[in-house]
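If you scroll down you'll find the structure; I have some questions about it.
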Amino acid sequence: MKTTNLTSSILSPSAPIGIFDSGVGGLSVYQAVRHALPAEDIIYIADSGHAPYGDRSSDFITERAVAMTGFLVAAGAKAVVVACNTATVIAVAQLRRQFSIPIIALEPAIKPAIEHSRSGTIGVLATRKTIESPAVERLCRIHGANTRVLLQPCPGFVEQVERGEMEHPKTYELIRRYVEPLLASGADTLVLGCTHYVYLAQQIRAIVGPDVTILDSSAAVARQVGRRIGSSSVAASDGRITEDQFFTTAASTDHARTVMSTLLGRAVDVRSAQSTSTAWSCTHAAVP
């Protein structure tokens, strides 16, 4: 596969951090990065026009990940955060070959879940593509020798969050369908292996009760972002006024604005980025 090594023309402390996800779920990572790095500008793009990634082909996921990263690089990002577990396990190696700025990715919190579990059984909630990936198999093999790791795909979770229907009866029906068998098998710790699922944590908690631990990777990846930009000497100065930007590939920016504002708990402006569908690819990419 032909690739082009791309970078922002100027990397400076005032340049923004770019974050992308298959949709709105990566806003959980955005919130963690915003909390950990209050002086940084952030550009977030939700590829909601192509969500969910979880049942797509690997080639399709890679093409979309390259398109999202290319959009952020063209916008001047000094680092890109892959706030999508599925895109990470499928496409992060290609992104790091093709782009020369730091590419920071997340992985399911399987290791901390194993360390935390008292019963020796954990459940991992994720997309089918993530669960079937060699990356998850490797995490289970390395860290789970003495732990039973139950992998549960969750079709429908992403769509419910994308629609903003976290409290819909169908959402609770899906949660019970996927979670109750894990509890019956002795799982005392659940891993939210998709950033969308973080926005279902409250609903999951209502079903599993207070004694089950629920973990995700948002805070860990935010710390990694801080380390990477710090080591590259491009961290923003403290005390500066920040400006965040939000984009979507969804057909309706009005719907995206409503859902993003609901998830963030504040009103945000969301602009269209539908042109990213053809602007970038693994085989031909324009230099910004």
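Our numbering is plain: 1 for the first residue shown, then up by one each step along the chain.
Glycine residues also receive a Cβ, built from the backbone N, Cα and C atoms like all the rest.
Remember, TrEMBL labels are computer predictions, not curated facts.
Reproduced below are the annotations present in TrEMBL:
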type	residues	note
BINDING	Asp21, Ser22, Tyr53, Gly54, Asn85, Thr86, Thr195, His196	substrate binding site
ACT_SITE	Cys84	active site, proton donor/acceptor
ACT_SITE	Cys194	active site, proton donor/acceptor
Would you identify which of the binding-site residues Ser22, Thr86 has the most other C-beta atoms lying within 10 angstroms of its C-beta?
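Of Ser22, Thr86, the one with the most crowded Cβ is Ser22.
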Could you work out which of the binding-site residues (Asn85, Thr195) has its C-beta surrounded by the smallest number of other C-beta atoms within 10 A?
Thr195
Cβ atoms within 10 Å, counted per site: which of Asp21, Tyr53, Cys84, His196 has the most, among these recorded positions?
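The residue with the most neighbouring Cβ atoms within 10 Å is Cys84.
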So around the substrate site, Asp21, Ser22, Tyr53, Gly54, Asn85, Thr86, Thr195, His196 aside, which residues have their CB within 8 A of the centroid of those CB atoms?
Gly23, Gly25, Gly26, Ala51, Pro52, Cys84, Ala87, Thr127, Thr130, Val158, Cys194
In whole Å, could you give the widest CA to CA gap in the substrate site formed by Asp21, Ser22, Tyr53, Gly54, Asn85, Thr86, Thr195, His196?
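Among the residues the record ties to substrate, max Cα distance equals 12 Å.
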According to DSSP, which of helix, strand or coil covers Thr195 (substrate binding site)?
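Reduced to three states, the DSSP call for Thr195 (substrate binding site) is helix.
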Under 8 Å between C-beta atoms and at least six apart in sequence, can you list the same-chain neighbours of Cys194 (active site, proton donor/acceptor), or say none if there are none?
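In sequence order, Gly25, Gly54, Cys84, Asn85, Thr86, Leu125, Ala126, Thr127, Thr130, Cys154, Phe157, Val158 meet the Cβ cut-off.
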Tell me, by DSSP, whether Ser22 (substrate binding site) is helix, strand or coil?
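The three-state answer is coil.
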